[in-house]
């Protein structure tokens, strides 16, 4: 039985964002596939349980390495859309994915792993800029290969950064403010990022465009976030400020991967990079405008979730820079 919807393959399906992507694809009615690394004897039990859950939802699972070119080509010929949610250490491995997509010749849309800042229009401190540069390499390689694409700029993930900034699971009354706390950022709930991505990946309007997820209710500063959390909990938080100069110094002096974390905090919450450019009609699509009937979770609504049962996000992983 055919649904008329594109067959979607997720790379990195068992990772943090990949899990959301698989479930969004299923819920939106797409035949859904996952390409995952072969299981080992010491594979994590949680991964095994997740794969069983995927299978129970009807997900078709392929096992293989990204280095297995012929296997990738064969798998890609079975689907219409490839969405990568590979982690930072694997970004450049997507060059192998691009080569396989090019040879397969049937993929209608490729969404490379980004889901952060708009890499072509922001600059960052060196440690974070290196991450952005790798994403740019994948964009250029995708374009050069002539593969239909949608690049997704998700800005910041709500569950991840609310946990990092407000510590709702620990019920902490102390928070750290980076810089003045006034710079605006965009926080989007992971479920919404996945839903918008799946919608755009099978939408002709989003072909060869940048999807920027920037809903108006999710544009907040650190001080806005603290104020909203105080109203939600009825408590008063004690704020400690770290200056821009201190953050820059930390990004230059502390060990990996904390130096990348410092660079990211500077870029988002001090430089305000996510609000530093205007969207263009011929290049960009704003997700909440493209899909006005989709009810996204606002930051304030997410904080109410945290009051009852705060999610536990997974910390991001980064590749050790070569020397």
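Keep in mind that glycine also has a Cβ here, set from the backbone N, Cα and C atoms.
Record features (Swiss-Prot):
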ACT_SITE  135  active site, proton donor/acceptor
BINDING   14-17, 36-47, 88-90, 113-115, 135, 155-157  NADP(+) binding site
SITE      88  site 'Confers substrate specificity'
SITE      91  site 'Confers substrate specificity'
SITE      264  site 'Required for activity'
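Sequence features, as recorded in Swiss-Prot, placed on the structure.
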{"residue": "14", "record": "NADP(+) binding site", "DSSP class": "coil"}
{"residue": "36", "record": "NADP(+) binding site", "DSSP class": "strand"}
{"residue": "44", "record": "NADP(+) binding site", "DSSP class": "coil"}
{"residue": "88", "record": "NADP(+) binding site", "DSSP class": "helix"}
{"residue": "114", "record": "NADP(+) binding site", "DSSP class": "coil"}
{"residue": "135", "record": "active site, proton donor/acceptor", "DSSP class": "helix"}
{"residue": "156", "record": "NADP(+) binding site", "DSSP class": "strand"}
{"residue": "264", "record": "site 'Required for activity'", "DSSP class": "helix"}
What's the number of neighbouring CB atoms sitting within 10 A of the CB on residue 156 (NADP(+) binding site)? 23
What's the most sparsely packed of the recorded positions 36, 88, 264, counting other C-beta atoms within 10 A? 88
Work through the recorded positions one by one (91, 135, 264) and name whichever has its CA nearest to the CA of residue 156 (NADP(+) binding site). 264
Cβ distance under 8 Å to residue 135 (active site, proton donor/acceptor), same chain, sequence separation 6 or more: which residues? 91, 112, 113, 114, 116, 119
By a 10 Å Cβ neighbour count, the lowest-scoring of the binding-site residues 44, 114 is 44
Given residue 14 (NADP(+) binding site) and residue 264 (site 'Required for activity'), what distance in Å do their CA atoms have, once rounded to a whole number? 24
